[in-house]
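Chemist: Attaching a single structure in structure tokens format; questions to follow.
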Amino acid sequence: QGRILEKTGLCSQITFGRYVRQGRRLRVDPKLFIQDLQFNKVPVRVYQPKATSHGRRRGILFFHGGGWVFGSLDTYEKVCRYLSRESESVVVSVQYRLAPEHKYPAAYEDCLNATVHFMRNAEHYGVDPARISVCGDSAGGNLAAAVSQTLAGRPDLPRLRAQVLIYPGLQALDFNLPSYHQNRGVPLLFRERAAFFALQYLNGDASHMQEVLKGSHIPPDMRQKYRKWVSPDNIPERFKARGVKPLNPTDFMAEVYETVKRFCEPNLCPLLAEDAVVHQLPESFILTCEYDVLRDDGLLYKKRLEDNGVRVTWCHLEDGFHGIISLYDYGGLSFPSGKRGLDSVVSFLKGL
């Protein structure tokens with residue numbers, strides 16, 4: 001329907017998608033204080049448990065998913081309430097600016113600025129500055145990983161306690177990893193849409209999507225340089241059981257690379273950060289789903305973190321698909337694996 005409306009000139013696919021996905025404010029929650037504020041001019045929604053606490057609580061910065069293009073405080077209201085209630089934490093949901101109106105690095109900068117503000121004012125919310133974590137799903141997982149890397153070497157701030165990455169998208173060099181082929185037509189995230197979203201975030205223009213999907217956008221020497229981190233060779237064999245399509249080398253197109261070369265910046269593609277940065281990262285939680293094009297991004301980052309001595313708790317949903325966390329309780333439908341995934345996040349947080 002979005003494409004039909006776009007062709008008739010009524011509205012863009014993205015505008016239609018935002019309309020369909022918009023959440024609605026829920027009723028008052030008897031267990032939570034909820035307020036809308038601004039941190040460093042970034043809109044946020046703060047969830048605070050009403051129950052008395054014997055000490056300072058843990059704090060969680062939550063960055064929502066939606067391909068950097070969709071999503072809002074309202075669409076993730078249920079998830080954030082659940083995380084705050086069940087883990088007895090103060091959750092700060094961040095409304096970063098969306099693409100294509102606001103291109104990279106707008107979303108990243110908003111998440112970073114909101115996080116720094118909260119870290120400096122944590123005690124005002126009854127939060128222990130040493131127990132603050134970043135958390136996000138999909139594009140939000142990308143933003144959480146980027147913020148975590150940026151803060152890893154900041155001597156003027158407390159160290160982040162953890163990063164929680166829920167089916168994160170972490171690179172845009174290779175859209176031909178095994179999970180991209182195995183799950184290219186599996187809802188809720190098709191292979192083409194993953195490239196479309198990355199390009200919308202990068203520069204608001206997806207006209208080179210087909211070249212990017214083929215891999216024509218990365219110079220051969222650069223592909224070779226990053227092969228130690230972005231390669232099917234680093235993915236455990238059991239994840240290739242459903243078949244792997246080898247990538248036929250494609251001709252490099254310099255003019256395409258010129259438009260997308262910022263894909264090699266770790267703030268956009270955290271999987272490409274240098275070891276010296278990865279080595280400093282906090283304890284991590286990574287959730288992956290078997291039926292998800294982004295599965296291998298999570299697996300590759302898990303390996304990078306472990307290779308650099310970072311402690312990783314990994315949850316893999318064998319029957320999961322992209323976006324399932326948001327569907328743990330969706331309009332009367334329930335997806336048990338979504339609830340299982342969300343509860344694994346809560347369990348990890350409660351252990352911090």
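Every residue gets a Cβ built from N, Cα and C, even glycine.
These numbers come from a predicted model, not from an experiment.
For reference, TrEMBL lists these features for the protein:
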ACT_SITE  S138  active site
ACT_SITE  D292  active site
ACT_SITE  H322  active site
DOMAIN    60-209  domain 'Alpha/beta hydrolase fold-3'
DOMAIN    248-325  domain 'Alpha/beta hydrolase fold-3'
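Tell me what's around each of these sites.
Modeler: Annotation for S138 (active site): same-chain Cβ neighbours under 8 Å, separated by at least 6 residues, are G65, G66, G67, I166, Y167, P168, G169, L189, L294, H322, G323.
For D292 (active site), the Cβ neighbour count at a 10 Å cut-off comes to 27, with all displayed protein chains included.
The Cβ neighbour count for H322 (active site), using a 10 Å radius over every protein chain in view, is 26.
In this model, the domain 'Alpha/beta hydrolase fold-3' (248-325) carries an average pLDDT of 96.
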